[in-house]
Amino acid sequence: MAGSTSSWSRALVQISPYTFAAIGIAIAIGVSVLGAAWGIYITGSSLIGAAIKAPRITSKNLISVIFCEAVAIYGVIVAIILQTKLESVPSSVMYAPEALRAGYAIFASGIIVGFANLVCGICVGIIGSSCALSDAQNSSLFVKILVIEIFGSALGLFGVIVGIIMSGQITWPSNAA
Amino acid sequence: MSSSFSGDETAPFFGFLGAAAALVFSCMGAAYGTAKSGVGVASMGVMRPELVMKSIVPVVMAGVLGIYGLIIAVIISTGINPKAKSYYLFDGYAHLSSGLACGLAGLSAGMAIGIVGDAGVRANAQQPKLFVGMILILIFAEALALYGLIVVGSSKFIFDHLEYGCFSAFIWWLLCTCCRIKKGFLADDKACESFHLSTAVLCRLGLCVCDPIH
């Protein structure tokens, strides 16, 4: 009988894999956009405040805002990739082990991408705000602090890489079972 | 189709969550370290712009934590293959614990690197002799993430993937070489030389161990 091995298993096999898949896709896009928004408001408010006395910094420092926006784009890309991997299987095989594994893979992939982009967005936002403030005082610092921002934005890429590698595990049972 | 799938049905849930934990918590640590040190560097750079490039070391060390998490997450997620190799609850829980160990160790190391890096770069701007001391404390903080990797390594799968250890030692050796070639970056002091030598030795040892296995 399926799920007889442990109490966790008995609870988990009752949940449809499509539940996990849908929640995973929602987390991938929703939490990534949350991270991007968090970063944008941190950077934007510092940028506008610093530009009062140094209006020259405005157009150059918009690149920090664009770095944060890229995090949201990563979330959109992975959410669309995961959506295309969703297949409809007949109810006879919906709780088959392979279908369960596909559901769990989409869920974990969504969590990875969502939360990695969340922390990346906040990190890039904080550094972007420092970049704007120090650029307002000494314009040679802009490029140097931008290097630190590039290190920060690599974290979102790590999440996307692992999410896409894990999406290769998503195989649903074929209809003839 | 079900005959080609051996093991427990819900074990992949815990396995995939292990991979997720490895990457997400390591990225949290890396993000904290990068952001906190970055703020310190930017604040310090207003008064001493010439020291900024030298003070990027804490940021690089925090970034490496993200790479540790990435490696472990990829190893775990490619190891979940119930069709090729039976995947029981034991394997699922082992992957979950490995991922949590690596991830939480990376999170704590990242927090340490962030706070030490922030204080260190600000202090280095006022007293240049503190640079080596800051590097030594950062190395101790980075070792915390390595403790997590050692526990992961004593789980069953890293003995199949020892070449990843060689590879990371090789990367550190490459970084050291690049730093020493740009003479002004890390002036030739004893700590830098010994670190460089130890990464080369680790890489060579790792290769000696890997060759008989494969």
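The backbone N, Cα and C atoms fix where each Cβ goes, and this holds for glycine too.
A Cβ distance under 8 Å defines the sequence-distant neighbours of the transmembrane segment (B:12-35), meaning residues of its chain 6+ beyond its ends; these are 58-59, 61-66, 68-70, 72-74, 76-77, 79-80, 82, 87, 89, 91-93, 95-100, 102-104, 106-111, 113-114, 117, 145. Per TrEMBL, the feature transmembrane segment maps to B:12-35 (among others).
Among the features that TrEMBL reports, domain 'V-ATPase proteolipid subunit C-like' is placed at B:17-76 (among others).
Outside the transmembrane segment (B:56-76), and at least 6 residues removed from its termini, the chain residues within Cβ reach (under 8 Å) are 15, 18-20, 22-27, 29-30, 32-34, 37-38, 41, 95, 98-99, 102-103, 106, 109-110, 113-114, 116-118, 120-121, 134-135, 138, 141-142, 145, 148-149, 152, 157-158, 161, 164, 168, 175. What TrEMBL lists as transmembrane segment is B:56-76 (among others).
Sequence annotations record features per position, and here TrEMBL assigns transmembrane segment to B:96-118 (among others). Below 8 angstroms of C-beta separation, residues 14-15, 17-26, 28-37, 39-40, 57-59, 61-62, 65-66, 68-69, 72-73, 76, 134, 137-138, 141-145, 147-149, 151-152, 155, 157 of the same chain, each at least six residues beyond the ends of the transmembrane segment (B:96-118), sit close to that stretch.
Annotated domain 'V-ATPase proteolipid subunit C-like' per TrEMBL: B:97-151 (among others), in sequence order.
Residues annotated as transmembrane segment in TrEMBL: B:130-150 (among others).
The annotation transmembrane segment is assigned in TrEMBL to B:162-181 (among others).
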